[in-house]
Amino acid sequence: MDVLSPGQGNNTTSPPAPFETGGNTSGISDVTFSYQVITSLLLGTLIFCAVLGNACVVAAIALERSLQNVANYLIGSLAVTDLMVSVLVLPMAALYQVLNKWTLGQVTCDLFIALDVLCCTSSILHLCAIALDRYWAITDPIDYVNKRTPRRAAALISLTWLIGFLISIPPMLGWRTPEDRSDPDACTISKDHGYTIYSTFGAFYIPLLLMLVLYGRIFRAARFRIRKTVKKVEKTGADTRHGASPAQQPKKSVNGESGSRNWRLGVESKAGGALCANGAVRQGDDGAALEVIEVHRVGNSKEHLPLPSEAGPTPCAPASFERKNERNAEAKRKMALARERKTVKTLGIIMGTFILCWLPFFIVALVLPFCESSCHMPTLLGAIINWLGYSNSLLNPVIYAYFNKDFQNAFKKIIKCKFCRQ
C-alpha cells in the first residue's frame, strides 16, 4: 500500500500511488539512469529476501510434522499472505517506483490497488489473529487446549481475508472521487474522505489497538505466573531455612490409616539436634530440635526405625543442606526473572516492528486527504514510508519463525536437503 508516488518534488503533478491523496505535491516523470539502477537493486534485493524468507516458512511447516499445529498454521498463513504481497504486489510497486510513473494501464492499476490493499490488510490482520490465539492460550490454557483446533484457525484466517476484501473492493464499486483517475501516469486509491477513514481504521488503527490490548494482557498474565513461581521458590527456601523441606513434610496425618504407607514423625532430639535421622532437623514450637524419623507401614502393624541413639550416630549437615537449597532457590529466581525479561523483549520486538513499519504510513495516509492544498511530502521521505510498510512482509517471518528453535531446525534440514533424502 503506497502512501505517496515514487517521485515528488519539482513543479509537475506527481503520480500518486495507492492511499495517496496527491495534495499540493509535485514531481518529475523523468529520472536518471543511476537512480533507476540503484533503486532496482535495493528493491529487487528486498523482494527476493521477502519471497525466500516466506517460502522457507511455508516449506518448513509443510515438510516438518512437529511444526504442524494450530499456532504454526496461523504463522504459515501469515507467510502465505506475505508471499502474495512479495510476488503479486511488490514487483509492480517497484516498477512504479523505478520509472516514477504508472505505465501499465488503468485496468492493471485497479487490480494492483485491490491486491495491494487486500494482501497488506490481511497480513496486518493475521498479526491480530496470532495475538488473539496467544492470548487465549496463556489466559485460558486448560479449556483452550480443546478449543484450539484447525477449524478455529481456519475461521480466524478466513476472517482476515474477509475483512481485507471488504476494505479493498469498495473503490472498484465506485467509492472514489472523480479526480482519482484524472492522471493517466498515476495509480491511486480513492481519496474520498469517508473511504480514507474507513480503510485506515479498518486496516490498521483498530487492529493496532486490539494488538496493544492483547499483548498487554499477555504480558500481565505471563508476569503474574512468573512472579507466582518466584514467590513459591522463595517460600520453599524459607521453609528449608526453618528445617522443613517439602520432601520431609508429612502428606497425611500421623494417624491417617487410609493415607500413604509412609509417615514421618518428629521426636525430641536427645542430642540437641547434633544427630538426625535421614539427614534433616527442624525446630519444634518450643525451640527444641526435632529429629525426623521414617515410619513404615507393614500390613496392619507399624515398624519403627530405631532412634539415632539406638542405631548409632548419624551425623548430618543442616547448614550445608540449607545453603544448597538457597542456591537452588536463587537459581530458580534468576531463571524466572530471565523469562520475564525474555517475554518483555519478545513482545517489544513484535509490537515495535509492527508500529515502526506501519504507523508512519497510516499517519500520512489518514492526514494527507484532508490537507491537499497545504501538505507537502519530500520525495525521499515518501519513498521510505511506502517501502517501510512493505518491508513488514520481509520482517514477519524473521520475528514469528526464525527466532523459533523448531523452525530453525527445520530450516537446517531444508538447507541440508534432508527432506529430499527422506
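Backbone N, Cα and C define each Cβ position, glycine as well.
Look at Swiss-Prot and you will find 1-22 (among others) tagged as region 'Disordered'.
For the transmembrane segment (39-59), the list of distant contacts is 75-76, 79-80, 82-83, 85-87, 90-91, 94, 97-98, 387, 390-391, 393-394, 396-398, 400-402, 407, 411, 414: same-chain residues at least six beyond its ends, Cβ to Cβ under 8 Å. According to Swiss-Prot, the feature transmembrane segment maps to 39-59 (among others), an assignment based on similarity to another entry.
Marked as transmembrane segment by Swiss-Prot: 74-98 (among others).
Residues 1-2, 18-19, 71, 74-75, 77-78, 81-82, 84-85, 88-89, 92-93, 102, 156-157, 159-161, 163-165, 167-169, 171-172, 187-189, 199, 202-204, 207, 210-211, 214-215, 218, 350, 354, 358, 389-390, 392-393, 396, 400 of the same chain, all 6+ positions outside the transmembrane segment (108-132), place their C-beta atoms under 8 angstroms from a C-beta of that stretch. Look at Swiss-Prot and you will find 108-132 (among others) tagged as transmembrane segment.
The local packing around Cys187 (disulfide bond), expressed as other Cβ atoms within 10 Å of its Cβ over all shown chains, amounts to 30. DSSP gives Cys187 (disulfide bond) a coil state; it is part of no helix or strand. Look at Swiss-Prot and you will find Cys109-Cys187 tagged as disulfide bond, backed by sequence analysis.
Classification of Cys120 (serotonin binding site) by DSSP places it within a helix. Annotation source Swiss-Prot lists serotonin binding site at Asp116, Cys120.
Long-range contacts of the transmembrane segment (153-174) within the same chain: residues 70, 73-74, 77, 81, 110, 113-119, 121-122, 125-126, 128-129, 132-133, 180, 189-190, 195, 198-199, 202-203, each at least 6 residues beyond the stretch ends and with a Cβ under 8 Å from a Cβ of the stretch. Per Swiss-Prot, transmembrane segment is recorded for 153-174 (among others).
The transmembrane segment annotation in Swiss-Prot covers 194-216 (among others), and the record cites similarity to another entry as its basis.
Under the heading region 'Disordered', Swiss-Prot lists 235-262 (among others).
Per Swiss-Prot, the feature compositional bias 'Polar residues' maps to 246-261.
Classification of Phe403 (1D-myo-inositol 4-phosphate binding site) by DSSP places it in coil, neither helical nor stranded. Residues or ranges marked as 1D-myo-inositol 4-phosphate binding site in Swiss-Prot: Thr314, Lys345, Thr346, Gly352, Phe403, Asn404, Lys405.
Swiss-Prot lists 347-370 (among others) with the feature transmembrane segment, giving similarity to another entry as the kind of evidence.
Look at Swiss-Prot and you will find 379-403 (among others) tagged as transmembrane segment.
Look at Swiss-Prot and you will find 396-400 tagged as motif 'NPxxY motif'. In the predicted model, residues of the motif 'NPxxY motif' (396-400) average a pLDDT of 89.
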Distance from Cys120 (serotonin binding site) back to Gly352 (1D-myo-inositol 4-phosphate binding site), taken between C-alpha atoms, in Å: 18
Residue with minimal Cβ packing [other Cβ atoms within 10 Å] among the recorded positions Cys109, Cys120: Cys109
Residue among binding-site residues Lys345, Lys405 with least C-beta crowding, 10 angstrom cut-off: Lys405
Between Asp116 (serotonin binding site) and Cys187 (disulfide bond): CA-CA distance (Å): 12
Thr346 (1D-myo-inositol 4-phosphate binding site) versus recorded positions Cys109, Asp116, Cys120 - nearest by Cα: Cys120
Sparsest-packed of the listed binding-site residues (Thr346, Gly352, Asn404) - C-beta count within 10 angstroms: Gly352
